[in-house]
Amino acid sequence: MSVTNLSWLKKKSQSVDITAPGFNPLAGAGKQMPQASKPPAPKTPIIEEEQNNAANSQKHPSRRSELKRFYTIDTGQKKTLDKKDGRRMSFQKPKGTVKYTVESRDSLNSIALKFDTTPNELVQLNKLFSRAVVTGQVLYVPDPEYVSSVESSPSLSPISPLSPTSSEAELEKTTTPDVVHPKEPTPSSAFTAVRPVRVVSSTSEEEEAFTEKFLKINCRYITSSKGTVSGVLLVTPNNIMFDPHKTDPLVQENGCEEYGIMCPMEEVMSAAMYKEILDSKIKESLPIEIDQLSGRDFCHLKKVTRSNTDELDSRIRDAANDSASTAPRSTEESLSEDVFTESELSPVREELISLDELRHDKSSGASSESVQTITQSGVECLAVISEAASTPDHLKSGSGHTANEVGTLSLKTGLNNLEMPTKEGDQAADNLQKISGLKEQSTGIKKDNQDFPLDENSLHQEEVEKESMPCGEAIELKQKQVVDKGKQGREQNQDSETEVEELRKLWKSHSMQQTKQQRETMQQVSQKEIKHKIATADIEGSALLKEKRRHRLHKFLCLRVRKPMRKTFVSQASATMQQYAQRDKKHEYWFAVPQERTDHLYAFFIQWSPETYAEDTGEYTKEPGFIVVKKIEESETNEDSTNEAAAREWEVVSVAEYHRRIDALNTEELRTLCRRLQITTREDINSKQSTPVKADLESESFRPNLSDPSHLLLPDQIIKLTKHLPPRTIGYPWTLVYGTRKHGTSLKTLYRTMTGLDTPVLMVIKDSDWQVFGAFASQPFKVSDGFYGNGETFVFTFCPEFEVFKWTGDNMFFIKGDMDSLAFGGGGGEFALWLDGDLYHGRSHSCKTFGNHTLSKKEDFCIQDIEIWAFK
């Protein structure tokens, strides 16, 4: 008893560590098989107890392994890796993309620019969580050689169509009607079915909605002096940007810096779409392929008209040659078909009526009415025959076709657009001839044994025959008589065969009578038609030419902005300086936009209109928005505005610009009304009285204090110059720091007098022709390795009238000081103003920096006197 209790206690207290590295529950089972062959050994109580413990530990090894698998806590790293690998395997390559490996100096923006796309699109294609990329990373980028198919998703981007999931593909397979329906699933098959793997699509609905928030348009940027380049216009709710194509010849010649521009949307004052460009300077730089129709298209148009007339001539000639055989055969075949009931004919009647209405729209009134009368009467005759022959069983059993097929075959001549093999017509005709006993009457009919559809010539010939029939009314009367006979045949079914025979003879005799007349008239009709078509082709050619000129492939978008657009391929400082240089110019930018994208632009600007948000409050929102300008709001006082309004298709303006135009329009209308009523306003009185006072005040305010009297400038010339000086010079006295009368003619002396000076300087030159001109420098003159200065620099001349030429923004060539020369402006190897080391010889030429003409009378001049003034 004690031994048994002891063994039970040992069994209860003993445990096995299943997590131990040396534990193997199957090891005992594996060793148990070879031990069974050994002879049994004498058992002691201790050995028996150990064997019982081993047997208990081996009873449920599978259960313990399952518990270990489901309840063991691990780190989860392997599971996470497997899940990531599965997701990576299920991510499909988007259509229209290629793999690109990120290089050391690449960024997401540079990659997007390299493949003509946007960074947002790359983020969407590759499912990126940030814009950071690392070297060696593989990205999917748009394939430039990919052509999107019709089945691709209609998104703005030609790439990244939606890829269907595998479950959707399975659903499409099961719902396809052509596939045999599978058997009903059994309960066991429901558990054995493999669960479909979820495939990550290339885009989602949210991302598609995001891509619709901007427009990406391939267009051309038209400049006044730098030509026309092709590129991409990107319009977003915040910015408008144009990126030129690197492959454009002008871009390769001048660089991207000249054509890449960007502007915030809040700076846009108006956006208008024009049919043509009104600015003469812009219009001169417009390429020929955009401005007018090329001569190659006109020659192609002539070839098309000639080919059309030749084709028409051949068709009519072939129809005239075959008129004798085609007309009887077609009419015979149309009546030698199996008969059918009126209920089966009703859908064919409806189809015939609709086709006759369509033909009535295409052809003239008289000819279409005759064709319609003949075809409808023919249908009535067929209906009578079918009703008369519907009772006998041997007639019903003689048909080898369905009702729809027979209806299509019998209406071949009336519809003029269906194709019918002659073999089927022969079978139907033979069946009807066997039934009615009319074989001997049809021996003279010629029929072919080959299967061929009705060609275009025969269809055209049949249509000409029907239009040229002079006895349509007689045919209608004869067919009415046949209709009356058919009504009597309803009561007497045995007379149906006789009526079929009479109707066959009627059509055959009529067609034979018409053959001679048609042969004679076909030649006249063909000649008249050829002459008419040639004249029509010439008229259509000229009309098409005018129509193509009026509706060109391109229309012109004009953007007017408050400040000049910033260059995107230059540094921030250079872009700011260029904006400052163009501050006094008219800020208009022209783009040649494809005609099909004009509506997209209009809809985009209308989408950001503030009207929907301002209706309830009655106040205009501060958010940037646009308002459509109506033509009745435009001023029509002068001819220029009328021409502009006629050429403009639509225009949207900002809220501020809209109110400014309304105020200006109201003010102008009020002034016009006052002039018409001869009413003097207070503004007119004040303007008349204060004109001399204001002139005196302006002259006093702009007249500076000079340290020394000037020998080169007159007082009025000083005032004119002062108005164009930068604001930082206003209020400072003019100090003479160098003059040839005081310091001599030496460039080195000039540099020495400028030492330690930190103000702008004004150089005035008088040449041997007594002409005064000069330059304003933003910094004192000095010896430099390259050009220096900023956009405040300009050149001027009083020869013959006062003109100022400020920085154009084309380049940064302002001032260049050498030991033997001093130059202003540059570009193309020419300087706006150049002086030698002795300050005796000089040269002036037009340059790109200032856009000036020659400042002196002659390009080469001799210096008579020089004055340099500083502002301190």
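Including glycine, each Cβ sits where the backbone N, Cα and C put it.
Annotated region 'Disordered' per Swiss-Prot: 1-86 (among others), in sequence order.
Here Swiss-Prot flags 63-86 (among others) as compositional bias 'Basic and acidic residues'.
What Swiss-Prot records for Ser90 (among others) is phosphoserine, and it gives similarity to another entry as the kind of evidence.
Counting every protein chain shown, 20 other Cβ atoms lie within 10 Å of the Cβ of Thr118 (phosphothreonine). According to Swiss-Prot, the feature phosphothreonine maps to Thr118 (among others).
The feature region 'Disordered' is assigned by Swiss-Prot to 150-187 (among others).
Annotation source Swiss-Prot lists compositional bias 'Low complexity' at 150-168.
Taken from Swiss-Prot, the feature compositional bias 'Basic and acidic residues' applies to 170-184 (among others).
The phosphoserine feature in Swiss-Prot is assigned to Ser201 (among others); the stated evidence is similarity to another entry.
Under the heading phosphoserine, Swiss-Prot lists Ser202 (among others).
The feature phosphoserine is assigned by Swiss-Prot to Ser204 (among others), with similarity to another entry given as support.
Per Swiss-Prot, domain 'GRAM' is recorded for 212-268. Counting residue by residue with DSSP, the domain 'GRAM' (212-268) contains 12 helix, 27 strand, 18 coil.
Sequence annotations record features per position, and here Swiss-Prot assigns phosphoserine to Ser294 (among others).
Per Swiss-Prot, the feature region 'Disordered' maps to 314-338 (among others).
Look at Swiss-Prot and you will find Ser334 (among others) tagged as phosphoserine, backed by similarity to another entry.
Residues annotated as phosphoserine in Swiss-Prot, with similarity to another entry given as evidence: Ser336 (among others).
Annotation source Swiss-Prot lists phosphothreonine at Thr341 (among others), citing similarity to another entry.
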- Hey, which bits of the same chain come close to the region 'Mediates oxidative antimutator activity' (549-576), Cβ under 8 Å, at least six residues off its ends? 219-220, 222, 240-241, 243, 255-257, 260-263, 267-277, 290, 292-293, 582-583, 585, 587-595, 598, 601, 649, 809, 812
- Counting by DSSP, what is the helix, strand and coil composition of the region 'Mediates oxidative antimutator activity' (549-576)? 7 helix, 10 strand, 11 coil
